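K.L.:
The structure's right below; bear with me while I get my questions together.
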Amino acid sequence: MSSAAVALDPNAFVDFTLESIQVLTPNTSKFVFTLHEDQALGMTVASCVMTKFTNADGKIVIRPYTPTSDADLKGSFDFIVKRYDAGVMSAHFHSLKVGDKLAVKGPMTKYALQINQHKSVAMLAGGTGITPMLQIIGGILKNKEDTTKMNLIFANVTPEDIMLKEDLDALAKAHPDQFKVTYVVDKVVEGWEGETGYITAELVKKHIPEIGSDGNKVFVCGPPPMMAAVSGAKGPNYTQGEVEGVLKELGLTIEQVFKF
């Protein structure tokens with residue numbers, strides 16, 4: 001974290017004003033909130049915040065989200081949010097208009113990643129599960145002393161659902177020896193050159209041959225069906241649960257895996 005003033009309070013909700021909305025895919029948008037020009041949000045790698053609003057029935061709704069802007073960025077921060085029909089908070093985000101306020105509290109550390117803590121990192125993400133991975137990728141790449149190698153498999157339904165693809169491709173091009181990204185989609189369209197189908201053991205071994213090796217850590221984040229198939233769901237009371245699915249098939253243990 002830089003010496004910038006910190007906007008967040010871990011013990012109280014703070015209201016932030018929506019500055020702009022950028023549509024990324026048909027159902028996903030980037031929501032940019034204003035900070036004072038000398039303020040940074042104050043996030044750590046890897047952490048999330050709690051967001052809060054009161055619905056029409058007077059019920060308080062609180063949900064965790066991971067900001068996707070650089071932790072040291074001054075003057076603004078953003079969330080990337082996909083609209084889910086059953087998602088109360090995601091629907092609230094997509095109902096916001098420029099000038100509206102959102103209550104945010106944090107940060108809440110989920111995985112305290114240190115410089116060169118792991119020799120290599122494998123990331124398996126689906127949809128908006130990319131958000132904590134962006135935090136990890138950005139945190140590692142901006143520190144020249146951090147030599148951790150990163151390999152990301154990013155799964156989506158269609159190519160047009162892939163958010164921030166240009167940004168990820170640019171990072172991979174700029175850091176070819178440190179960061180690699182593979183895309184996989186369920187539904188093929190003409191001209192698609194990436195992988196098709198789902199994240200399988202065969203696909204993971206093909207693109208991340210180092211997975212499960214000494215010094216390799218695996219991070220997983222995605223919608224519940226993907227988590228169940230790839231790593232197994234998290235356990236009760238925010239515990240990590242058992243390793244199931246693809247990662248169990250590959251012989252990984254819970255010590256080698258972290259589920260966001």
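Using N, Cα and C of the backbone, Cβ positions are placed for all residues, glycine too.
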K.L.:
Do you know which of THR17, THR34, THR131 TrEMBL groups with ARG63, PRO64, TYR65, ILE80, LYS82, MET89, SER90 in the FAD site?
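P.N.:
Looking at THR17, THR34, THR131, the one TrEMBL places in the FAD site next to ARG63, PRO64, TYR65, ILE80, LYS82, MET89, SER90 is THR131.
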K.L.:
Tell me which residues of the chain lie with their Cβ under 8 angstroms from that of PRO64 (FAD binding site), as long as they are six or more apart in sequence?
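P.N.:
CYS48, VAL49, MET50, THR51, MET108 - these are the non-local Cβ neighbours of PRO64 (FAD binding site), listed in sequence order.
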K.L.:
Identify which of the binding-site residues ILE80, MET89 has its Cβ surrounded by the largest number of other Cβ atoms within 10 Å, counting every protein chain shown.
P.N.:
ILE80
K.L.:
Just checking a number: largest C-alpha distance across ARG63, PRO64, TYR65, ILE80, LYS82, MET89, SER90, THR131 for the FAD site, rounded to a whole Å.
P.N.:
16
K.L.:
Report the member of SER90, THR131 (the binding-site residues) whose C-beta atom has the most other C-beta atoms within 10 angstroms.
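P.N.:
The residue with the densest Cβ neighbourhood is THR131.
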K.L.:
DSSP helix, strand and coil counts for the domain 'FAD-binding FR-type' (11-114)?
P.N.:
8 helix, 52 strand, 44 coil
